Amino acid sequence: MVAQGIAEALQAYTGLTPGAAATILALMLATYLLVSSLFVAPAAPSPAAPPKQPEQQREEERKGKEQEEEEEAPMPFVFPDPVEVGEVTLEQLRAYDGKDPAKQILIAICGQVYDVSRGRLFYGPQGPYSLFAGRDATRALALMSFDPNDLTGDLDGLSPDELEVLQDWEEKFKERYPRVGHLACQDAAGSGRRNAAQPDHEDGGDA
C-alpha cells in the first residue's frame, strides 16, 4: 500500500511512470558518481629529504674537488739521478739532448760536462736554451749566441769581455749543476782555458 501510494504520488507530481522515474534516478546517480571521481584529491606527496647540514655539504664539496684535482693533476716529472759519464766525445754527448726522458741532459762548457737535468724547463726540448743540450756550448755562451755554428769549444777571436761572460757562465754551471764528466782530448782541444781531459783536483782548484 505504501509503495503504491508513493508510485501514484510520483506519477502525479512528475507525470512519469514509476519505471521511467526509476531509470532517470539511476542515470542521475551514475552521473554524480562519474563527476565526483574527476575531483578526487591528489595523493599526498612523499616527504622531501631533510636538507643537508652546511658542514656535511661543505665536506662533500671538498671531497669532490679533491677527487677532481687528483684526476686532472699531471704526474710529476722525476729527474734521473746524476750519473758520471767520464770521458765523452762530442758525438756521444749528442745523445743527452733531453729528448729521451730516461737520460740526463748534458751540456759541455770549457771542456767540462755538466748534468743540467734539473733545469729541464730551460734546456729540455721545449726550453729556451734547448739548442745547447747535448752540445759544447762554450763559444755560444760567450757570445750569447743561438747560432748553431757557435756550438763549439773554439775560443779564437773572442774579446776579453766575451771571455768574461763565458767565465760567468762557467761559474754558474759549477754552482748549480753537478759535473759528471769531460770531453775527450780531441774534442776538448779548444774548449776553455784548461785541458778538459784532466779532471779537477780538490787541492789545485780550477784555473
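Here the Cβ of each residue, glycine as well, is placed from N, Cα and C on the backbone.
Annotated in TrEMBL:
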- 55-66: compositional bias 'Basic and acidic residues' (COMPBIAS)
- 88-184: domain 'Cytochrome b5 heme-binding' (DOMAIN)
- 45-78: region 'Disordered' (REGION)
- 184-207: region 'Disordered' (REGION)
- 20-44: transmembrane segment (TRANSMEM)
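Taken as a whole, the domain 'Cytochrome b5 heme-binding' (88-184) shows an average pLDDT of 94 in this prediction. Secondary structure by DSSP for the domain 'Cytochrome b5 heme-binding' (88-184): 43 helix, 17 strand, 37 coil. DSSP assignment over the compositional bias 'Basic and acidic residues' (55-66) gives 12 helix, 0 strand, 0 coil.
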